[in-house]
Amino acid sequence: MAAPAPGLISVFSSPQELGASLAQLVAQRAASCLEGNRGRFALGLSGGSLVSMLARDLPAATAPAGPASFARWTLGFCDERLVPFDHAESTYGLYRTHLLSKLPIPDSQVLTIDPALPVEDAAEDYARKLRQAFQGDTVPVFDLLILGVGPDGHTCSLFPGHPLLQEREKIVAPIGDSPKPPPQRVTLTLPVLNAAQSVIFVATGEGKAAVLKRILEDQESALPAAMVQPRTGALCWFLDEAAARLLSVPFEKHSTL
């Protein structure tokens, strides 16, 4: 079987330049979608360093569109830890504090888990919310998913060798044995990731260099992040120089200096 295509690789001189370009891309994608046939923009976010990156740059990047445009945004989360929203590990909680307070997206269009439910019920509840928001789609089709990648090659809460990598029926799955704490999580599955119109992986720092070489150069297709191959959508990688330092495959170098 042929190795999967790695997608377009863009390398930036610093995380700050990466973040500014990422925010502009999100704003451009939103504007394009709002002008298109569907008339809405569905964005899926991941946690980690992306929270501070988007909180710093996205409000200014989206400001020219005006506050009324956010009424047609739908925001979901690619995975979530089963913790209260005020917990330091809550992805939604961090975005609520640092980003959503600056963007007038209606609360009803921000799709979250119910952390009070058992993990299996929380996954089913989140799947129901997604199906309601994406009526007409057999599998929810996000306009843009922003994903991270761990040093082990995991993305969302899909970990190497885990049975969830074989899930084909559920759009959202519970995980009760995450090798990375906290152990109970809810995650989008590969069918949803691969149905997206656009997927951007974001990785910064030397700690990601080795796994990025495995994915993008050695093409280790069994790693979860390498299994994200949108069927009809675009796949891009946004890296800083430290994360890209081991790559010899072609990439686009960007700098605003």
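A Cβ is built for glycine as well, from the same backbone N, Cα and C atoms used for every other residue.
Quick look at what Swiss-Prot annotates:
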type    : residues : note
MOD_RES : Ala2     : N-acetylalanine
MOD_RES : Ser49    : phosphoserine
MOD_RES : Lys180   : N6-acetyllysine
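The DSSP secondary structure for Lys180 (N6-acetyllysine) is coil. Classification of Ser49 (phosphoserine) by DSSP places it in coil, neither helical nor stranded.
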